[in-house]
Amino acid sequence: MGYREEFRVDWSLIWKAAIALGGLSLLFGVLLAFAGDKFKVQTDPRLDELLAAVLGANCGACGYPGCEAACNAVLAGDANVDVCVAGGGNAVTSVARVMGVETRQRKRGVALVHCKGGLGESVPKARYQGTSSCAAAELVAGGGKACRYGCLGLETCRMVCPVNAILFDEDHRRWVNRDRCTGCGLCVDVCPRGLIQVVPRDQEVLAVCNSRDKGAKAKRVCSVCCVACKKCVKACDFDAIYVEANRAWINYEKCTQCGRCIETCPNDVLVRVVPSRRMERMQKGV
């Protein structure tokens, strides 16, 4: 005869184990709830409103590691309501409203790319094929242009811009949308050739060449370069233009924007930039 062993389940042990585990879970839950209430970090209810008021790009243009850190600095009194540089005037107004203070809009600049040399104006020295980083192209024999001071025409400045204000045309020239640009200066910091500068927003007469080469050498590699002829210096009645390191500079505090220098420049280095919104009004006859 075969031997058959019977197994019996002791339900009392199962119930005891379940009750014990349930009791421990309840105890730990109560302890965690007590600890959470006892040691919770108090946050200012205005923090969420401030986070909604700033740009929210975590770009770091304000000098803080992120938008939340900047907002906490505002709440702590360590930063002004205009901390969000990239957010422009709208962010300043919104932050001031949340904080319940009045603020005067500070004058914000606008980025300027000191180069007009595109594919049609700059002489190429090689065909660059590689990453779209300007810093990388600068390390690889200085990119594809013969001018060692000109814009490389790649993506570094555009990628770092939090408001998509940097554009480029079919000639690989970089342009700044003055209506979008908030003057945060992030593009200035990443340009390996120091081509970009933040200038006063109301300044319309600008010198847009970065070359330091002497006239003949500069002309050989670009048709829209500054040759340091000083015709603009002689034309200016206000001593607002000077030539240094073989390129023209404008003293924006002295410049009256009369435009006489533009008429004398043989290579169109000096230009008058009209913001797009004003251009639209001019076209409509307003």
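Note that Cβ sites are derived from N, Cα and C of the backbone, with glycine treated the same way.
Annotation comment: TrEMBL describes 1-36 as region 'Hydrophobic'.
The transmembrane segment annotation in TrEMBL covers 13-36.
If you look up TrEMBL, you'll see 42-101 marked as domain '4Fe-4S'. Residues belonging to the domain '4Fe-4S' (42-101) score a mean pLDDT of 89 in the model.
Using a 10 Å Cβ-Cβ cutoff, Cys67 ([4Fe-4S] cluster 1 binding site) registers 23 neighbours. In three-state terms derived from DSSP, Cys67 ([4Fe-4S] cluster 1 binding site) belongs to a helical segment. The [4Fe-4S] cluster 1 binding site annotation in TrEMBL covers Cys59, Cys62, Cys67, Cys84.
The domain '4Fe-4S ferredoxin-type' annotation in TrEMBL covers 137-171 (among others). For the domain '4Fe-4S ferredoxin-type' (137-171), same-chain residues at least 6 beyond its ends with a Cβ under 8 Å from one of its own Cβ atoms are 55, 57, 59, 61, 86, 88, 111, 113, 115, 117-128, 130-131, 177, 180-182, 184, 186-187, 190-193, 195-196, 210-213, 218, 220-222, 225.
Sequence-distant neighbours of Cys147 ([4Fe-4S] cluster 2 binding site) (same chain, six or more apart, CB under 8 Å from its CB) are Gly117, Ser122, Val123, Ser211, Asp213, Ala218, Val221, Cys222, Cys225, listed in sequence order. What TrEMBL records for Cys147, Cys151, Cys157, Cys191 is [4Fe-4S] cluster 2 binding site.
For Cys161, Cys181, Cys184, Cys187, the entry in TrEMBL reads [4Fe-4S] cluster 3 binding site. Packing around Cys161 ([4Fe-4S] cluster 3 binding site) is summarised by its Cβ count: 24 other Cβ atoms lie within 10 angstroms of its Cβ, all protein chains included. Secondary structure at Cys161 ([4Fe-4S] cluster 3 binding site), taken from DSSP and collapsed to helix, strand or coil, is coil.
Taken from TrEMBL, the feature domain '4Fe-4S ferredoxin-type' covers 172-201 (among others). Across the domain '4Fe-4S ferredoxin-type' (172-201), DSSP classifies residues as 5 helix, 8 strand, 17 coil.
Within the chain carrying the domain '4Fe-4S ferredoxin-type' (246-276), a Cβ under 8 angstroms from the stretch's Cβ atoms is held by residues 116, 177-179, 199-200, 203-215, 218-219, 223-229, 231-240, 282, all 6 or more beyond its ends. Taken from TrEMBL, the feature domain '4Fe-4S ferredoxin-type' covers 246-276 (among others).
Neighbour density for Cys181 ([4Fe-4S] cluster 3 binding site): within 10 A of its CB lie 23 other CB atoms from the protein chains shown. All protein chains included, Cys187 ([4Fe-4S] cluster 3 binding site) registers 24 other Cβ atoms within 10 Å of its own Cβ. The subset of binding-site residues (Cys62, Cys67, Cys84, Cys151, Cys157) lying with their Cα within 10 Å of the Cα of Cys184 ([4Fe-4S] cluster 3 binding site) consists of Cys62, Cys84, given in sequence order. Each of the binding-site residues Cys59, Cys62, Cys157 was scored by the other Cβ atoms within 10 Å of its Cβ; the lowest score goes to Cys59.
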